[in-house]
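Peer 1: My structure is below; once you've seen it, I'll send some questions.
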Amino acid sequence: MDTKAFKRSLQQSNNYHRKGFGHETEVMGTMNTEYQSSLIQKIRENNYQWQEGDVTIKLAEAFGFCWGVERAVAMAYETRQHFPQEKIWITNEIIHNPSVNQRLLEMNVGFIEVINGSKDFSVVEAGDVVILPAFGASVTEMQLLNDKGCTIVDTTCPWVSKVWNSVEKHKKKDYTSIIHGKYKHEETVATSSFAGTYLVVLNLKEAQYVCDYILNGGNKDEFLEKFKNAHSEGFDPDKDLIRLGIANQTTMLKSETEQIGKLFETTMLKKYGPTELNEHFMSFNTICDATQERQDAMLNLVEEEVDVMVVIGGFNSSNTTHLQEISIEKGIDSYHIDSDKRILPGNKIEHKPLEKDIETKENWLPDGKIIVGVTSGASTPDKVVEAVIERIFEEKNAGVLV
């Protein structure tokens, strides 16, 4: 399928909307009321620090809602206002934040249910309005919704669209797209649908395995079993690793994406030499600015004096998880929570360790005066960050801890 031609045709349709509906001013007023925080603004203006009693909060200098997320949420609000009576669906969570998604449910926006691993689009009828989330949607989903005669509101982040353009360039020149990402993540599912031949690698370890195969060969069956859910149909590592292009899920760890790109470039250089490199390797910078800014701010924060780190964001948020990784790698006691309700009375906290289920930690706040580092993922409103900080102050300064 010519995905580029389909996308162009869809964008020219009267049923396709990507620029809102002219209600920006009113919607931004509503969003400011629901999601902004006067306390967080004060902390920003106070050099990202705030003290109450025995607690000093240090905020990362870049955190929370990014432009792409704010744009997606605003478009969803505009859609409800512009279509007050129509049935509105969204193909997935608008962003990975439970409070924002709950707000959309309260606005009578339906979420497409997943049944036996597949989305049930049978509930969508002609004339319904369907929102595509910030992560985007697969070509198959867009085609299905277009064929049904739905009004499509596309809130896909432009940074994600940039990655799609990159893999389409790979496809046009018969390059295999090496996608650094999580093969089940909505964004990577969408990106791979625009690619031709592709392989998804999760991390540097998997990338090294692929590069070793390129240089030394190996067991094809073992390779295909290792990546059984992470490649295009009919993928053959003996034929499809000769010309490679690099792309990434925009929320992955920036430093690892760069390392993976460099590793593949070096591998192809060894395999084919400098004069042939450009015939076998291509790379475009598709690292999201907002992801990079938040990770850089976290790298700075972990170098400061911090007793405990709190990372706020949806548990299924990839960019939030990578912020957590930065803190853990520095050896800081770090707690990933999705709301203030995870901070329990009696100095307890429900949190999600990396690659584990939610667990409860007792005595998580140390005795005496403490410095708590705080950051949040790109899908987390300031209001949620404020609520978490207020709970920390409440627990620590209310005489609960001695």
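Backbone N, Cα and C atoms are what each Cβ position is placed from, and that goes for glycine too.
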Peer 1: Which single residue out of HIS17, HIS23, HIS82, HIS96 does Swiss-Prot record at the dimethylallyl diphosphate site shared with HIS185, SER317, SER318, ASN319, SER379?
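Peer 2: Swiss-Prot names HIS96 for this dimethylallyl diphosphate site.
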Peer 1: Spatially, and counting Cα to Cα, which of the recorded positions is closest to CYS66 ([4Fe-4S] cluster binding site)? Options: HIS185, GLU187, SER317, SER318, SER379.
Peer 2: SER379
Peer 1: Using the recorded dimethylallyl diphosphate site (HIS96, HIS185, SER317, SER318, ASN319, SER379) as reference, state which further residues of the same chain have their Cβ within 8 Å of the centre of those residues' Cβ atoms, listed in sequence order.
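Peer 2: Residues close to the dimethylallyl diphosphate site, other than HIS96, HIS185, SER317, SER318, ASN319, SER379: ILE95, THR251, GLY313, GLY314, ASN316, THR320, THR321, GLY377, ALA378.
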Peer 1: Among CYS157, GLU187, THR250, CYS288, these being the recorded positions, pick the one whose CA is nearest to that of ASN319 (isopentenyl diphosphate binding site).
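Peer 2: Spatially nearest to ASN319 (isopentenyl diphosphate binding site) by Cα position is THR250.
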Peer 1: Quick one: give me the count of other CB atoms within 10 A of the CB of SER318 (isopentenyl diphosphate binding site).
Peer 2: 25
Peer 1: Listed binding-site residues are HIS96, HIS185, CYS288, SER317, SER379; which of them have CA atoms within 10 A of the CA of THR250 ((2E)-4-hydroxy-3-methylbut-2-enyl diphosphate binding site)?
Peer 2: CYS288
Peer 1: Are there any residues in the same chain, six or more apart in sequence, whose C-beta is under 8 angstroms from the C-beta of CYS288 ([4Fe-4S] cluster binding site), and if so which?
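Peer 2: Same-chain residues close to CYS288 ([4Fe-4S] cluster binding site) (Cβ under 8 Å, separated by 6 or more) are CYS66, GLY68, CYS157, TRP159, THR250, THR251.
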